[in-house]
Amino acid sequence: MAPTKRKEFSHDLREVVIKRYLNGDSERDIARDLLISRNTVHYMIAKYKSTKCIGNLIGRGRKRKTTAHVDRVIQRKIKTNRRKSAMAVKIELQTELNITVSESTISRRAHEIGLYGRVARKKPLVMVWRTLKEEYNSTCIVPTVKHGGGNVKCWGCFSASGVGNLVFIDGNMTGEMYRTILDNNLLQSVEKLKMDNEWTFQHDNDPKHRAAIVNNWLNRNGIERLEWPSFSPDLKPIEHLWDEIERRMKKEQPKNEKELKESLTRVWKEVEKKVLKKLVDSVPNRLNEVIRMKGGPTRY
């Protein structure tokens with residue numbers, strides 16, 4: 001049986017008890033006059049004898065799980081990418097520093113510098129870390145790539161060995177458009193990257209990706225897909241690649257849509273293989289963490 005935690009009494013009461021004890025009063029008399037139990041008086045006196053301190057002992061309570069250095073790493077990761085979830089930071093700490101902390105700990109470290117999870121402006125259900133005064137800070141809103149009144153949407157693929165094709169999309173994406181993009185670019189990218197036959201394709205659970213016309217094309221070409229849960233963008237390495245592209249695009253100054261596409265294409269092709277390999281190598285850890293959180297067996 002776990003020991004019963006004793007109630008901490010007020011400093012004033014403990015001070016009176018110890019003064020009476022130092023004046024030579026008995027435990028019985030002190031308990032009677034102060035209307036507390038004799039055991040309580042005995043405990044206060046015994047604690048004073050062992051610590052020579054009337055107040056609470058310094059250092060009581062649960063020990064801090066992170067060092068000052070790890071705190072700074074956590075806070076820097078969140079400041080750098082306000083859309084990064086506590087789960088993503090946790091996995092990165094495990095992968096990069098072999099440090100295991102909980103999502104709650106990561107949230108507390110963010111709170112310590114005034115950052116709280118809030119819904120980002122412009123698009124619902126996207127969480128960012130921000131202070132109460134940063135609601136419309138440029139780092140805390142969902143960005144859209146706009147120059148000269150235009151914007152672009154694109155599709156791309158990559159592996160640990162390099163980036164594949166980058167395709168710009170006109171209009172709203174449909175299942176048929178997505179099938180055409182895959183037909184014209186996926187296998188061509190696989191061939192360009194000199195990948196063998198043992199590769200797995202990962203895309204998310206968007207309705208257009210699960211359309212019958214798309215599944216039929218994937219099945220017909222014998223393409224193995226990685227199954228994964230809905231609403232889990234942190235598991236998609238391509239999302240983290242887009243974040244990297246976005247950071248690099250901040251240095252560009254395109255004046256119109258044509259220059260924007262040219263800049264994106266150049267930045268896409270310049271992504272180093274070590275960056276891509278790191279993203280691909282992180283997938284097993286991300287999947288194992290989800291399996292562990294769901295109570296399933298972890299695989300290595």
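Using the three backbone atoms N, Cα and C, a Cβ is placed for every residue, glycine included.
Bear in mind that TrEMBL entries carry predicted annotations, made automatically and left uncurated.
Database features, via TrEMBL:
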- 71-126: domain 'Transposase Tc1-like' (DOMAIN)
- 150-261: domain 'Tc1-like transposase DDE' (DOMAIN)
The domain 'Transposase Tc1-like' (71-126), counted residue by residue under DSSP: helix, strand, coil: 32 helix, 5 strand, 19 coil
DSSP-derived helix, strand and coil totals, residue by residue, for the domain 'Tc1-like transposase DDE' (150-261): 48 helix, 19 strand, 45 coil
